[in-house]
Amino acid sequence: MWRLRAALCAGLLLMIRSCLAQEGAWWPNRGDPQRLWTGEDLSAMKPGDSPYGALWPRPRSVQISDDFLYLSPARFSIVHGSSSTAGPSCNLLQDAFNRYYKYIFGDSKWQESENRPLGELQLLQVVIISPDSDCNAYPSISSDESSLETFSQLVYQDDIGLFLINKTLISDAPRFGHRGVLLDSSRHFLPKKILFRNLDAMAFNKMNVFHWHIVDDQSFPYESAAFPALSKKGAYRQYTHVYTQDDVREVIEFARLRGIRVVPEFDSPGHTQSWGEGQPSLLTPCYTGEQLSGSYGPINPIKNETYTFITKFFQEVANVFPDHYIHLGGDEVDFSCWRSNPDITKFMADHGFGTDYSKLESYYMQLLLEIITSVKKGYMVWQEVFDNHDKLTPDTVVEVWKEKNYQNEMAAVTAAGFQTILSAPWYLNRISYGQDWIQIYKVEPSNFNGTEAQKKLVIGGEACLWGEFVDATNIMPRLWPRASAVAERLWSNQQVTSIEDAYNRLVKHRCNMVKRGIPAEPLYVGFCDHEGHL
């Protein structure tokens, strides 16, 4: 959110130097090949080690010295630098300072070295150098994503419990601006504490977009102020399995404090069976022959009342969710009910659509997109909306989700000038025995035929976990650390591809997540150092 990283590195460098002034210069010669590790030649290293320690995702460049410093939990603190444009009144930073102090030291038994032959690091100075510290702002696609997470990953404990940090110089920035996780809270309701825990895990992996697929056919847990019957009749249970307006605000604020955007998805015209429970005239009545069948299909696109409802509903959504974007879905529309309905058949004929029901879907989507524009929001859509040749505004983000020939779709979307995010190879609800994170890690978002200008339109991607077979009991280990593989692919340089090095770091990173309360599943056999203290 601020220009923090450069200032953080500089502050750390100056602070360490001041602690060691009496011991002489320590910083390695940047041209010395013995002190600049590349991470590719692991033959001289102990099994399981990485030249990048437990850093995840791997920064743009890293120099780690063999020299290290001691941190005393009783004396170490994270503070505002004197030249920072932010200060103690910045609650966002104060929250981060307190949070990361706990992450670094946790509940470990603190060990103090009586003689302390090491240099000691007592302060981490954070200096915000942008004119506006943005302490009360919401993150956006253009936010500076400087982070305390990297520093926290550098701290480790030795065999007797002393906290140490190697002298390190890091230059870092994300490769892609959109690094998301999609969770589905319709198929199974996800309690708020699970959403919070996932947001913490996202922050630990430097992922910055929570794509909240909040409603779907199965249930409507979002409690609308304008249309309370939607959740009252559409949720699994109207009092316990809903997200109130206060709940939503808490999730958004929890995410904001971690630099994470919350992009809600209200998918239509399909995936809307639960909407019809509380808004009976919204869905299309289906017919068997000339008789009503008693079942309903997608949203009815030919009624004026539909758009009156949609306008009022999305006016509310636009006010509740501060992010510039709303995800509008637009995928997997079943045309069979529309085909069966005589009123829709007549509408098709009157408008010259023939029997091409994708044109009717486009008719609905076009009006929906105009409504979203009128409430001053941008929109994300699934790839079908692009495939159906709907008229999209230039800032539309198209999400490519169909795995078959997804590279061709990426090429087509970017050739048309639209920004795109990739999720097709990262549907983590697909599971297999063994280390399937490796295939997730090998995906390269820019691996399609296109110009450099096209590839610059790829703004990131998402790890998607759909909810048919996950709920609060298993969602976190199903997602993490497999989503960590997506996180590194979207953050780190394209050349960061070593599976062996990634494994060595990810094993340690997974243990750190577990230590911080994230029940991430193991990659393979082994153990975590902290387990003996549980």
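Placed from the backbone N, Cα and C atoms, the Cβ positions cover glycine too.
Those TrEMBL annotations? Automatic predictions, nothing curated.
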*CYS135 pairs with which of CYS19, CYS90 in a disulfide, per TrEMBL?*
CYS90
*Of the listed cysteines CYS464, CYS528, which one does TrEMBL record as disulfide-linked to CYS511?*
CYS528
_From the disulfide entries in TrEMBL, identify which of CYS286, CYS464 pairs with CYS337._
CYS286
*What are the helix, strand and coil residue counts for the domain 'Beta-hexosaminidase eukaryotic type N-terminal' (55-117) according to DSSP?*
15 helix, 15 strand, 33 coil
*Compare the C-alpha of CYS90 (disulfide bond) with the C-alpha of each of the recorded positions GLU332, CYS337, CYS511, CYS528, and give the closest one.*
CYS511
*Under 8 Å by Cβ from GLU332 (active site, proton donor), same chain, sequence gap 6 or more*: GLY270, HIS271, GLU384
*Nearest to CYS528 (disulfide bond) in three-dimensional space, by Cα, is which of the disulfide-bonded residues CYS135, CYS286, CYS337?*
CYS135
_Can you tell me the CA-to-CA distance separating CYS286 (disulfide bond) and CYS135 (disulfide bond), as a whole number of Å?_
52
*Would you find the one among the disulfide-bonded residues CYS511, CYS528 whose Cβ has the most company, meaning other Cβ atoms within 10 Å?*
CYS511
